[in-house]
Amino acid sequence: MTPDTSMKRVVVKIGSSSLTSLHGEISIRKLEALVDQVVKLKDAGYEVILVSSGAVAAGYRKLGFIQRPEKLPEKQASASIGQGLLMEAYSKLFLAHGYVASQILITRSDFSDEYRYNNVRNTMNVLLERGIIPIINENDTVTVNRLKFGDNDTLAAKVAGLIDADMLVILSDIDGLYDGNPRTNPEAKKIQRVSEITPDIEACAGDTGSIVGTGGMRSKLDAFKIVMASGIKGFLGQADAGDILYHAVHEQAEGTYFEAEGTLPLNQKEQWIAFNSGPEGEMILSDDCSRKITNGQSSLYLDGVQKIKGKFKSGSVVRLMDSKGTEIGLGIVNYSSVQLQEPEKKKELTNRALIDQEAFVCHVDFSLPVN
């Protein structure tokens, strides 16, 4: 992988374990070190988006807890205190260098709704054009488990795709991806570069992670899958390594680089369908139609739909299934489940299709085969 001199927009994700002291509280020294590195990139002309964990870690002791709580209400209460404290610290440190930081708290529903998804992107672009440093975190105080991103690794990857970033840098307490767990296996070897996340690469992830954060190595690989599919480079390295950010964007850092080679990246619409939309139902397709959809050769017409499962509206994203029940793709439908199921409604659509050859159920431009 050679240095990319055209790189401009970088998303940096840092986890709780890289921001806290041995006692689990936010370390100002570590925050200062991170801010100094972000400032160095800003001074060099880069746009930087920071996805920062640490709200719960910053707040739980203020509630009288001795260690990080496990129950959701206690974690959310901790985050409600800690997020403000964390942003106050970031703002002061960036202002000392002449930069303004903004806070963006996101929930998964902000990404699953396409209108809100586009609105978040537009807001971030304005901030970046004005030289602001957006600091992003999941809105832990109001998010319930079933609607969470899971961890900030996933959030960072989706943010990178949202704003067409050139690179995602994930800073952790481990200096890259190994072929085993380096904490328990001294013979484990670091993998310098990954061009495809294969089952063998996934097997290397194990369950390595820290007790302070929520994201282990497996979640990081899932994040890099997203950015690689979106045509974005990735890097995983150790947060406390000297000048890690500057060296990472110049392809000179110690860690693991991720880059998809020889694949066509997903466009914005395809990214939203694949990673954010949240399918609402299923359509079982004929064998001939399934084959064409899998090969990206055709839109989905009425005669290719054999069965409908679930309820959905026109404009919803649904799963496209073959006759064996295997998911073969996702698509935005032009008709509701009611229109496609009720005899009178379906007859009306059939008559329309006989007149209008473009009366497709799902256009090829708004469908995505699952590989």
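Any Cβ shown, glycine's included, is placed from N, Cα and C.
So that you can see what the record holds, here are the features copied from Swiss-Prot:
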type	residues	note
BINDING	Lys13, Ser172, Asp173, Thr214, Gly215, Gly216, Met217, Arg218, Ser219, Lys220	ATP binding site
BINDING	Ser53, Asp140, Asn152	substrate binding site
DOMAIN	280-356	domain 'PUA'
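On the backbone, the CA of Ser219 (ATP binding site) and the CA of Ser53 (substrate binding site) stand 14 Å apart.
In the three-state DSSP scheme, Asn152 (substrate binding site) is classed as helix. In this structure, Asp173 (ATP binding site) belongs to neither helix nor strand by DSSP; it is coil. Other Cβ atoms within 10 Å of the Cβ of Ser53 (substrate binding site), summed over all protein chains shown, number 28. Note on proximity: of the binding-site residues Lys13, Asp173, Met217, the one nearest Ser53 (substrate binding site) is Lys13, by Cα distance.
Put simply, of the binding-site residues Lys13, Asp173, Met217, the one whose Cα is nearest the Cα of Asn152 (substrate binding site) is Lys13. The Cβ neighbour count for Lys13 (ATP binding site), using a 10 Å radius over every protein chain in view, is 29.
Mean model confidence of the domain 'PUA' (280-356) amounts to 79 (pLDDT, 0 to 100 scale).
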